[in-house]
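Quick notes on the structure that follows.
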């Protein structure tokens, strides 16, 4: 079928258990973000903007909404006869099917898919990070270094480095050691979970890893250390833009709040590197005569009759009279009644907040699940009814 130079494989099967009720019915990459996107839109858009048009999306946990969102890949120009986007659930063989056992096993189960295109390189991506990145530049770096593997890295604060997989490098960015969440890190170059491998080399390591019954079948824990031990040439590609792992409630809330900063590094208004998504046609937003909106993202289809400060309102959100929303993320089609106070909260899709409620104002980020109804006069603080 091919001789495609590079194939992208997006690992999108994560449950996202640390996101609590937000991922109760959908995979983490399908979680809404930034008013009109889902997390998966970022790696898909990065692929399209980088000219990579053969993409596999490896799904597993609660894939229905994610599959429906991606569809045939039209918003990302991935609806193609040759290549395009393919949804890849765990592989079913004659002896029966298995869940993906780890990130490496997920790619191993799809060797046949990649081989159809006979690529020289394969790009491995996580489906649950928010960032904009030109993968073509990373591929050029990989070629220049004549590497077996190139790993995207980003500098993190030294006091946070022990939370990440850390790459220890020489001056030429060649990697001599990988440490998974070290107690005393030697470096602050954190792995972004973005890898470019020479496909023939990776395929050999995937097969060896699968044959090792003691392996956890993970890129960070098994494949990368194994390649390093064998003397493979591995280099770190430094990335200096905005990047956030939105795997927790706090980081998801913060990433949305980052969009409201005047020096926002993600810049979703950049026409040279657009983030594409599947968006229904909605009427223009309506801001009532007594409404007050400051430093907020208000997406089309919203009706605002109250006060909105430093918040992100997704499509179709309704805000009642005398209601105050502050430092919050209100997801698609949520209905907020009159005389409500919401502060530092994430309100899920289609949630209904009846009038006279108080949600938030405590130390924790308040969460209301998708389609949940909060009854009239309820008070919720630190995720407990008061």
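Along the chain as shown, residues are numbered 1 onward.
For all residues, glycine too, the Cβ spot is worked out from N, Cα and C.
What Swiss-Prot records for 100, 165, 180, 181, 191 is alpha-D-glucose 1-phosphate binding site.
A sphere of 10 angstroms centred on the C-beta of residue 191 (alpha-D-glucose 1-phosphate binding site) encloses 21 other C-beta atoms. With a 10 A radius on its CB, residue 165 (alpha-D-glucose 1-phosphate binding site) counts 21 other CB atoms from all the protein chains. Take the CB of residue 100 (alpha-D-glucose 1-phosphate binding site) and look out to 10 A: across all protein chains shown you find 23 other CB atoms. With a 10 A radius on its CB, residue 181 (alpha-D-glucose 1-phosphate binding site) counts 12 other CB atoms from all the protein chains. Of all the Cβ atoms in the protein chains shown, 13 others lie within 10 Å of the Cβ of residue 180 (alpha-D-glucose 1-phosphate binding site). For the recorded site, residue 100 (alpha-D-glucose 1-phosphate binding site), the DSSP three-state label reads coil.
If you compare every pair of Cα atoms in 100, 165, 180, 181, 191, the residues listed for alpha-D-glucose 1-phosphate, the longest distance is 23 angstrom.
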